[in-house]
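Below is one structure; the comments refer to it alone.
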Amino acid sequence: MDTNTTSYTPLPGDPFLSGPPETPRRPLKGFAVIFASVIFLMSLVALIIHQGPQQPPDVMPDKQDEHHHPQSTTNTMLSWQRTAFHFQPEKNWMNDPNGPMYYKGWYHFFYQYNPRGAVWGNIVWGHAVSRDLIHWLHLPLAMVADQWYDINGVWTGSATILPNDQIVMLYTGSTNESVQVQCLAYPADHKDPLLTKWVKYSGNPVLVPPPGIGVKDFRDPTTAWYITEGKWRITIGSKVNKTGISLVYDTKDFIKYEQLDGVLHAVPGTGMWECIDFYPVSKTSDKGLDTSQNGADVKHVMKASLDDDRNDYYALGSYNEKTGKWVPDNQKIDVGIGIRYDYGKFYASKTFYDQNKQRRVLWGWIGESDSENADVKKGWASLQGIPRTVLFDQKTGSNLLQWPVEEIEKLRLNKKNFDKVQVKAGSVVPLDVGTATQLDIVAEFQLDQKVVESAAETNEEFSCQTSGGAAKRGALGPFGLLVLADDSLSERTPVYFYVVKGSGGTVNTYFCADQTRSSVATDVVKQVSGSYVPVLKGETLSLRILVDHSIIESFAQGGRTTITTRVYPTQAIYGAARLFLFNNATDTSFTASLQIWQMNSAFIRPFSPDAASHSSFTPVTVFIKFIVPFGIFLTLYFVR
């Protein structure tokens, strides 16, 4: 968006908003000299500490520790489940990603958080910042439930960056009568790159449920996009009976709104739409687009999180700014009845445009698949998926491509290559990678094409969910990897392809993940997930898997189909976790080539509420107490 030609109305009651445009400058420039000096002086002490003896990150506690803790076996299992490089708070419950953005050199991430326990409730906004989307620094809570209009929860919302570095945050508040209303907040000081203090607009709420909409069916405003009439436009999720809808509003000042006639889009039978996302993707470029961009080379993505089945669906289509309507390219795969972002545990997702690297980045909430009692016992629940870049798939023209942000590769340690490993039908091949708890796996599979061509045709409909999992053998599948497996294979999580030759000789490929034997525990969800994955002529079957303790994120064919899996093994943990290739097909062998990296842990520094009260944290104190140590760590981390 061209800020030089954009007209806008400043927010009232905030003096900085009416000031003249500032010359762009590097973030935290004023702190540069102080930071360098402190790094030099304190790194000597930090180096000594750093060079001291350290316990390996993935070893079983010693026997003496077990002797002193009668419940150590259970506690050890629960402790192992906590991830090493996925974002999560130190304790308690977390759900939806909120208001992600890049601002003055920092990535900001807000999230739904319960400061009182490991179950949903008492929802406020947590806040963390990062330089690279991998290493994080927790900050004080951004917003708490302290007003009549949000006393029952500061629910999901989105950030919009306006000209002159203005930021507006629209969020849903649950009132003292549990009515869902839309509220406005903005930073107390837009010059603070950490955005440590937020102000709620005194005239909140700015939107209430319109006539015909239920008081509990009006939530989750999107990032606003600028339209040619000099207004900003947002959409909000709702429903009418069983039809999921997205309401549309225009505003000039984010205080007064005009509701457009009709809706942006609606799909009968899909139920309540929440956490709507609406954004452009380029049909010709591998760069992301600002949310306000439109044009001939642009498609628009409409995504809704379906409250009925707790999955995220998207569709590609065309957006008409004048009518305020969006139309899907293919009604057979419309929102809620077609393609999902992810076929596993992935919900309430939210993208943002990263102007720093000209990319669109996707966050998604990864809930638990164990029991609530287990969550309470371990003291935490849920995490966020590794942020993903999102692009239009120019080859298929019908899919998005999702891929882990490139920064995750900074955590790669020692690498092992396996070239052209032959895996015969009905066999399992161990891969000697050491402890297989934290891995980044890139693999390609080559089937025997003669066998594929001669395979019998079948009219049988295949579904990952109803196929019987990796134990069900077919002529051309399943085959892939056994992740988080123990030596005896009593616990394993297969991530695999299944190829079906249909009538007329068409070959369809499915990508699945099977939890049914992931754990001998009985209080966890065990199901098979996955879907069809487009494989074009001449393409090799490929996948990437990120393994991080209790989460497995899998990407097929460059990210056309993805599956996020939560697993809770009791034996395939710590040093007992292994990795295998497997081929459970009856008629074909395959050749696999793999690159596998051990992964380091991310640095996620907690915020301690005991260190100071929320009100005493200024940009300077936050910098001294948290940013300086954070910088020291990163310096040591990348030079070792």
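Just so you know, glycine gets a Cβ as well, placed from its N, Cα and C.
Taken verbatim from Swiss-Prot:
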type	residues	note
TOPO_DOM	1-29	topological domain 'Cytoplasmic'
REGION	1-22	region 'Disordered'
TRANSMEM	30-49	transmembrane segment
TOPO_DOM	50-616	topological domain 'Lumenal'
BINDING	Trp93, Met94, Asn95, Asp96, Gln112, Trp120, Trp155, Thr156, Arg219, Asp220, Glu274, Asp307	substrate binding site
ACT_SITE	Asp96	active site
TRANSMEM	617-639	transmembrane segment
Determine, to the nearest whole angstrom, how far the Cα atom of Trp155 (substrate binding site) is from the Cα atom of Asp96 (active site).
9
Using Cα coordinates, what distance in whole Å links Glu274 (substrate binding site) and Asp96 (active site)?
11
For Arg219 (substrate binding site), nearby residues of its own chain (Cβ under 8 Å, 6 or more apart in sequence):
Trp155, Thr156, Thr172, Gln180, Ile236, Gly237, Ser238, Glu274
Rounded to the nearest angstrom, how far is the Cα of Gln112 (substrate binding site) from the Cα of Asp96 (active site)?
5
